[in-house]
Amino acid sequence: MAARGSCVSRQRQVLFLFLLGGLCLAGSELGRYSVTEETERGSFVANLAKDLGLGVEALAAKRTRVVCDDNKQHLFLDSHTGDLLTNEKLDREKLCGPTEPCMLYFQILMDNPFQIYRAELRILDINDHSPIFQDKKMILKILENTAVGTTFRLERAQDSDGGRNGIQNYTISPNTFFHITVHNSDEGMIYPELVLDKALDWEGQPEFSLTLTALDGGSPPRSGTATIHILVLDINDNAPQFPQELYEIQAPENSPIGLVVIKVTGEDVDSGVNAEISYSFFDASEDIRATFQINPFSGEITLKALLDYEFIKSYKLNVQAVDGGGLSARCTVLVRVLDVNDNAPELIMSSLVNEVVENSPETVLAVFRINDRDSGENGKMVCHIQENLPFLLKPSVDNFYILMTEGALDRESRAEYNITITVSDLGTPRLTTQHTIRVQVSDINDNAPAFNQTSYTLFVRENNSPAMHIGTISATDSDAGSNAHITYSLLPTQDLQMTLTSLVSINADNGQLFAIKALDYEALQAFEFHVGATDRGSPELSSQALVRVVVLDDNDNAPFVLYPMQNASAPYTELLPRTAEPGYLVTKVVAVDRDSGQNAWLSFQLLKATEPGLFSVWAHNGEVRTTRLLSERDVPKHRLLLLVKDNGDPPRSASVTLQVLLVDGFSQPYLPLPEVAHNPTQGEEDVLTLYLVIALASVSSLFLLSVLLFVGVRLCRRARAASLGGCSVPEGHFPGHLVDVSGTGTLSQNYQYEVCLMGGSSGTSDFKFLKSIYPEVHAYSSQDNSDGNPTF
């Protein structure tokens, strides 16, 4: 399965190589530069603008950048001058160790088109380290019969500097028995040997203490010292012997700590103390001493630290065996570290763009390099991204890859992508590294605002408070940022008679509509206009929606009584014959209401009456009718207070006062006349006075002449009416005719009378009806239609 995945990935890489024909992926050598170590940050290395043959502006336009192989920012490019400068103090010993020359490899990356230039920077050494001996005190045991000219190899000193600044010579403190010679090792390093110049005598001088000095070649030179303690021993005939001078072994780099790598064994044919052998490392570096340890009694060499093939591939161990008499032998153990697939691939990002414009195809998002510190198959890698993404991964030179868009993106469909770059090696087992890049798709103004509805209907009740919120018009824009910031406005209306700005206003930010002033349903029931929504993109895009405002009726108008008409001087008067049957139509109250709906549904009610049980009002049509037969006891004048009420919430009402005069047939000569210009209080007092007079007269004559007086009064009234001629009528309004506005008639017939007004000293006035003129003749033929609705 892994092999199949590798095959597919390789096929994709081959495809990518064909796709790279449109890009300039140069891998040219730029040059070699040098800089001295430990120089301050910002030290000049080279002028890349000059070396590349480009101007400073061109370098900036191409987004030129510097990438080092170890993924550390040792260098940086000054965009203003085109100079390549150091980004930190460079320590040659830290970067390269003892290796000489010390080279730092880096690349120059440029876009538009994409190019790579390889370059090298040599770190020049300065003498900033002194030689150091790992063992500050060395002990040598030399037999007293050792021949003159015998050499003894000493441990060399360590110097982190290289070249001429490394160790160049060794010296020893002045003496007559020894001198120092210098020899070159196979690794190209020098080591000291102690040479015996004069025969030793244990009895004469059993020990020596000498100072060994290591000198480097710097200017001025640096030095390091160690003490050599020489013990002169009595004669030991045989030195230890190793079976072989060179041991070669292999150790996997994942070997555990404490593993016995090898056991070396020396032999000594002597006996006793002279045959007792101790083992130790000789002339071992700091890395060897930190990684291995040797058992001084058994010769077992064990791991002290983990091996790392990528750091050190082999170790050369010099093992020394010393017997009890001071004689020694040496052998070499060569430990070769075997590589295992213990390093996952590395992904080193050189440049990264986390945002891309949605309509920009083939935009470079990232440039990165992959690396695996393992070797062989363990170091071979394949790289790929997820399927079904609108992105391409194109390989370049030196394990560089380019991540770019495959085509134009659509932010409204998907505004963010998480691209996972997977790098796998071909080792066993396979190791994988993943790096996720989060890419934001930036917006362009390619979508106009869209209203939630094509049309809106808003309802507002009349008599609203000015600046009242009546509704919200909402639009959305699938773009982002300023491209989605919507501004609302009222569009000009085509109705020239309507000034829209005097009726409504709109909040430009949130689309809230407000009524400028109080609306009047009776003046304006509904109106329409368009609202525009415009974004702030470039160019601006807009859309519009229709808004219809419907004004709801409020019960703000009280009923208006058309009939009977009211005035400030006196209530309207109707005549009622005493012979009227129950249900007789006295009059009909006609009223209208400017409101609509249930606010204009009117009902009628009798609030007050002189005789409450005599009259009734039909609630739905306003007809005032009698409820019973009239009697002689009923007073001749009745005042009715009628209420006209609508069905609003709360209801409104109007009242009308109606005065009804009772007549004994329409030929009766005398009837009381309603007061003219009297206030209601005075009228009630007059009625009370009349009642008192009648009551007093009745009590006085109750026992004697009650029946005769009653008959006489009636005969007297009839005789007086027959003998009475014409009389003058005082000025003042009095209806000469009665008109039923509704067409049904307030009385069963229409009459016209000649009347005269007679004044009295009591302050009251009476009508005298003389005779009927034009009986049964209608006064207004135009109003003779029955059951017709009035027109106003």
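Positions of Cβ are set from backbone N, Cα and C atoms, glycine also.
Annotation source Swiss-Prot lists domain 'Cadherin 1' at 27-133, citing sequence analysis. Here Swiss-Prot flags 134-242 as domain 'Cadherin 2'. Residues annotated as domain 'Cadherin 3' in Swiss-Prot: 243-347. Sequence annotations record features per position, and here Swiss-Prot assigns domain 'Cadherin 4' to 348-451. If you look up Swiss-Prot, you'll see 452-561 marked as domain 'Cadherin 5'. Positions annotated as domain 'Cadherin 6' by Swiss-Prot: 568-676. Feature annotation from Swiss-Prot assigns N-linked glycosylation site to N169, N418, N452; the stated evidence is sequence analysis. Positions annotated as signal peptide by Swiss-Prot, on the basis of sequence analysis: 1-26. Annotation comment: Swiss-Prot describes 693-713 as transmembrane segment.
The distance from the Cα of N452 (N-linked glycosylation site) to the Cα of N169 (N-linked glycosylation site) comes to 91 Å.
Per-residue pLDDT, averaged over the domain 'Cadherin 2' (134-242), rounds to 89. Helix, strand and coil residue tallies for the domain 'Cadherin 1' (27-133), in that order: 16 helix, 45 strand, 46 coil [DSSP]. In the three-state DSSP classification, N452 (N-linked glycosylation site) falls within coil. If you take the Cα of N169 (N-linked glycosylation site) and the Cα of N418 (N-linked glycosylation site), they are about 61 angstrom apart, rounded to a whole number.
It is N169 that, of the glycosylation sites N169, N418, N452, has its Cβ surrounded by the most other Cβ atoms within 10 Å.
Here the domain 'Cadherin 6' (568-676) is broken down by DSSP into helix, strand and coil counts: 4 helix, 50 strand, 55 coil.
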